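Note sheet for the following structure.
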Amino acid sequence: MGPLMVLFCLLFLYPGLADSAPSCPQNVNISGGTFTLSHGWAPGSLLTYSCPQGLYPSPASRLCKSSGQWQTPRATRSLSKAVCKPVRCPAPVSFENGIYTPRLGSYPVGGNVSFECEDGFILRGSPVRQCRPNGMWDGETAVCDNGAGHCPNPGISLGAVRTGFRFGHGDKVRYRCSSNLVLTGSSERECQGNGVWSGTEPICRQPYSYDFPEDVAPALGTSFSHMLGATNPTQKTKESLGRKIQIQRSGHLNLYLLLDCSQSVSENDFLIFKESASLMVDRIFSFEINVSVAIITFASEPKVLMSVLNDNSRDMTDVISSLENANYKDHENGTGTNTYAALNSVYLMMNNQMRLLGMETMAWQEIRHAIILLTDGKSNMGGSPKTAVDHIREILNINQKRNDYLDIYAIGVGKLDVDWRELNELGSKKDGERHAFILQDTKALHQVFEHMLDVSKLTDTICGVGNMSANASDQERTPWHVTIKPKSQETCRGALISDQWVLTAAHCFRDGNDHSLWRVNVGDPKSQWGKEFLIEKAVISPGFDVFAKKNQGILEFYGDDIALLKLAQKVKMSTHARPICLPCTMEANLALRRPQGSTCRDHENELLNKQSVPAHFVALNGSKLNINLKMGVEWTSCAEVVSQEKTMFPSLTDVREVVTDQFLCSGTQEDESPCKGESGGAVFLERRFRFFQVGLVSWGLYNPCLGSADKNSRKRAPRSKVPPPRDFHINLFRMQPWLRQHLGDVLNFLPL
């Protein structure tokens, strides 16, 4: 009998031999918690435990070995039963020049610790701190200081021990953590000549602690907000916007995104890594900065999907495409986590770029570099990643004077096998900043990248930025929106188009020319962020005359229904007050990421390029409502409805006598209709996370707020209404000569 026949017989008699590959036991439940598997019960699969908030799993994870047995956690000698344990926060080891209460060995979630200073010392930081469910204290380190040193007393974070008690220029202090706590931040700090301590404040953390998205997003967002606000090339900065990931207007940013694709990362988690990176790319490209993006995935070996040396690394579409094409199975034969090799790929890119540009050239020396490392675990092959970081710092000549030219953000995800010490070693350490984080899961990572931009930090008049985070107010979402009124009654809306000019409708002013009685409310009128401005000058289009065609039987005509208001003072930019982008300007061109040499016609073709264009306006209550602007043949059918309006136009024979090409048209059944009082407000679109005003609300055939004093009450027109609702908005592309005449010194207009 031949060998193949023997094999066939064995498989026939013992079918279990065909699928006898080992798998790990399934008796791995955790008391009070749940678990997930990265690759089922097969060897190489990572089992990750989760517990309700305020508890942590012990052990955090287990690995299915090739033998079909679960790997014993490092901290235990035997395979112990997984349990959920209560989270505790570290206690103070010492508190200088004061007392704290209560004095416990550690503190439960929700527990407080209070601090008081001795006479002659002033308390800096938080007098009361509470233990949070993630094992971290809220607030700031409490310090009792008498101001006697060249640098302020650096304090002692909870759970830490400090050596060094002199705070003069050149003096150093050193920190270590007690018991099993892990130190993040700088273990040594030096008092510098400017009175500031070097490095980052050290924090002692429980090994199982993690960061909340709401803590990480501001830390990252502040960095990018400063960078974005500092790189608007159409504005001149009068003050420093801070350090952070900042590049000068003449400089360039290289952004390196490193995505862990090792075996411990599930396919779904890798997808969220990609989505988070795409969010970052989308948002950073939506601002007018000079940026090149590198994309590197890594497991046992790195794979460069996009290099900063490629011209298409400056093109958002190409970068996003590279991310979308990243395949989870690209690294299926490599199970390790070689963070060193990933960072070394960045170093090699830098080295090649330096050779191309020349080490001594300004073109090379003015490039700033930001590395964002997304990983779920500890480096376990290839050598220490710190070595690669040292090489990167060396090639960039990072010293005290050039510290701003490199930022490394190390973000661990999943708590499972993330090594706090390694992340802290890799992350940059700069005064007042954090660069190392651990998030509970990939969903938290996605939240961070979704909400990381804090637009209140953008102090330039960068246009078209709305805060789209879940907790933003209506005014923060549309910060250009303003209310125009006499001393009491609100009458119209408008839009900030610069820090001193408002665009609105001319018919708002037809009842009188004494603009000294009028006011413009900018920001949220219901909060401290609202401010009332006087009008220095009103510019009404001379072509506007609502009764211009009365002799033709057209009782109201709204051609040239456009006006500009110059405010008596400039508006301070904030998350509640910011101009919208006006098409056909250099500011809008940068926001659209269009090439130099683009024209006004190019903007119109990009923004109004469909038969039905989704757009928005702002309601009386501040909410954003949806409409569809009809273009081409659909514009004609939209406008034709006016012929059915016999009250305003009893003898109309030609619709174009009323609806000229100055107007955009909306109002089909799925659209909202503007109310009386919403006239003059912006009609706007969103492109690449920026907002562009293409029209302003002028007039319509239906008032959904008629008979109601409630700003939140709107009534849709019945389907049987004749004529059906139609709304008309001044098309800003048709008002270019007038806008250029009056705003030529305010905005930078493109050729028509």
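Cβ coordinates come from backbone N, Cα and C, glycine included.
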Tell me, from Cys51, Cys64, Cys84, which cysteine Swiss-Prot puts in a disulphide with Cys24.
Cys64
Out of Thr200, Thr317, Thr337, Thr339, which does Swiss-Prot tie to the same Mg(2+) site as Ser262, Ser264?
Thr337
Of the residue ranges 125-129, 240-244, 250-254, 260-264, which one carries the motif 'MIDAS-like motif' annotation in Swiss-Prot?
260-264
So, in Swiss-Prot, which cysteine from Cys177, Cys191 is disulfide-paired with Cys204?
Cys177
Based on what Swiss-Prot records, which one of Cys131, Cys144, Cys151 is disulphide-bonded to Cys89?
Cys131
Based on what Swiss-Prot records, which one of Cys665, Cys705 is disulphide-bonded to Cys675?
Cys705
Highest CB neighbour count within 10 A among the glycosylation sites Asn290, Asn333, Asn471, Asn621?
Asn290
Among the recorded positions listed here (Asn29, Cys151, Cys204), which has the Cα closest to the Cα of Cys508 (disulfide bond)?
Cys151
Cβ distance under 8 Å to Asn29 (N-linked glycosylation site), same chain, sequence separation 6 or more: which residues?
Phe35, Ala82
Cβ neighbours within the same chain of Asn112 (N-linked glycosylation site) - under 8 Å, at least six residues apart:
Val128, Arg129, Gln130, Cys131
Determine which residues of the chain contact the motif 'MIDAS-like motif' (260-264) at the Cβ level, with the cut-off under 8 Å and only residues 6 or more beyond its ends counted.
38-39, 44, 46, 63, 270, 273, 297-300, 326, 328, 330-331, 334-337, 339, 373-377, 416-417
Could you check which of the recorded positions Cys84, Cys117, Asn467, Cys638 is the closest Cα neighbour of Cys600 (disulfide bond)?
Cys638
Neighbouring C-beta atoms (10 Å sphere around the C-beta of Cys191 (disulfide bond)):
23
Cβ-Cβ distance under 8 Å to Cys204 (disulfide bond), same chain, at least six residues away:
Pro90, Ser157, Leu158, Gly159, Ala160, Cys177, Ser178, Leu181, Val182, Leu183
What does the structure give for the C-alpha distance between Cys24 (disulfide bond) and Asn333 (N-linked glycosylation site)? Integer Å is fine.
21
